[in-house]
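What follows is a short report on a single structure.
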Amino acid sequence: MATSMAAASGRFESAKSIEERKEQTRNARAEVLRQAKANFEKEERRKELKRLRGEDTWMLPDVNERIEQFSQKKKKKDKHSKKAKKEKKKKSKKQKYEKTNESSDSSSSSEDEWVEAVPSQTPDKEKAWKMGTAENQNKLFMRMASKFMGKTDGDYYTLDDMFVSKAAERECLGEEEENQRKKAIAEHRSLAAQMEKCLYCFDSSQFPKHLIVAIGVKVYLCLPNVRSLTEGHCLIVPLQHHRAATLLDEDIWEEIQMFRKSLVKMFEDKGLDCIFLETNMSMKKQYHMVYECIPLPKEVGDMAPIYFKKAIMESDEEWSMNKKLIDLSSKDIRKSVPRELPYFSVDFGLHGGFAHVIEDQHKFPHYFGKEIIGGMLDIEPRLWRKGIRESFEDQRKKALQFAQWWKPYDFTKSKNC
């Protein structure tokens with residue numbers, strides 16, 4: 001019987017068992033490829049059905065006009081930037097050509113004027129002439145080198161040591177710069193990958209445009225792509241990929257507050273309170289910032305601050321480094337929580353609210369705020385934990401209904417926007 005020695009374990013193995021093992025590996029690979037192909041074909045069929053039903057093109061009429069305006073502005077900007085780049089290129093070429101001409105003229109003139117220097121009788125010129133000797137040049141070199149020697153170790157620190165230490169310093173600086181460059185490239189790549197599949201980036205292919213209700217200058221209002229927690233549940237989202245409110249520019253934050261005021265007024269006229277939630281977690285994954293607005297009945301809205309305060313005090317770590325409960329009634333989240341820290345914030349209408357710096361992200365669920373509201377309204381857990389998918393027709397009806405509510409309070413149609 002043919003046998004072979006297994007090098008790793010040091011035991012005998014028959015050729016038959018080796019062949020069986022190889023066959024199993026081949027079958028496993030074939031199964032993985034078959035599954036991947038099936039998933040790809042399923043996704044393509046789903047996209048084709050969406051296209052046939054018009055899901056990828058249907059939008060509210062006002063939103064469609066706004067997106068066309070954005071595309072026209074973008075085209076104009078692209079044309080202007082291309083023109084500016086061409087002009088800059090021409091200008092740099094012209095400057096280079098002029099510099100080369102000047103240098104060639106100066107070199108030719110210097111060749112014509114070069115004459116061997118002769119020491120004159122004046123003391124200054126005599127001193128300058130003396131510096132030309134080898135001994136004086138060595139003295140000058142030693143004097144200049146002593147300026148860079150830094151700390152010396154008595155008589156044992158020589159000029160050679162100084163050159164070695166300086167070279168080592170330069171090498172360390174070069175390594176540090178290279179590490180920083182690699183880190184920046186890795187961050188850029190991870191952000192680009194995240195933006196490609198982001199559900200909220202305006203330029204993303206995954207972006208559900210049929211759920212947009214209004215578009216401002218740098219912020220838009222849309223509805224969730226799963227079943228709403230309550231009727232009127234909506235999202236305020238920046239157009240560009242920003243991770244948290246603490247990292248936003250002033251103009252974006254002001255526009256978010258304008259949307260917030262309009263929503264509060266709209267729900268007040270319907271006899272409802274509203275709560276605004278933001279959860280900023282997993283900073284490395286760089287998720288898109290979402291500011292959720294959830295309307296509640298008046299009697300439940302009045303009790304909401306008590307529920308949230310108790311839940312925040314009992315959440316996360318028992319012994320925390322940061323203040324457990326941050327009051328947002330006197331100042332907003334950007335002035336209360338340091339940048340680059342994970343946090344949860346809740347605002348009650350226009351009356352401020354609470355914030356909490358998340359100590360342990362493994363113990364703090366991403367659905368924390370919605371879980372509290374779910375408990376207050378006795379909503380089934382699967383609605384706030386992962387969300388229930390909706391059909392395109394249900395989402396379209398939801399968008400049309402919300403657009404009718406929003407129309408009298410829509411400030412994005414003003415000339416400023």
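A Cβ is built for glycine as well, from the same backbone N, Cα and C atoms used for every other residue.
Database features (TrEMBL):
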- 13-56: compositional bias 'Basic and acidic residues' (COMPBIAS)
- 72-94: compositional bias 'Basic residues' (COMPBIAS)
- 187-309: domain 'Cwf19-like C-terminal' (DOMAIN)
- 318-412: domain 'Cwf19-like protein C-terminal' (DOMAIN)
- 1-130: region 'Disordered' (REGION)
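Note on the domain 'Cwf19-like C-terminal' (187-309): DSSP counts are 48 helix, 30 strand, 45 coil. For the compositional bias 'Basic and acidic residues' (13-56), the DSSP-based tally of helix, strand and coil residues reads 39 helix, 2 strand, 3 coil. Secondary structure of the domain 'Cwf19-like protein C-terminal' (318-412) per DSSP (helix as H, G, I; strand as E, B; remaining residues coil): 37 helix, 14 strand, 44 coil.
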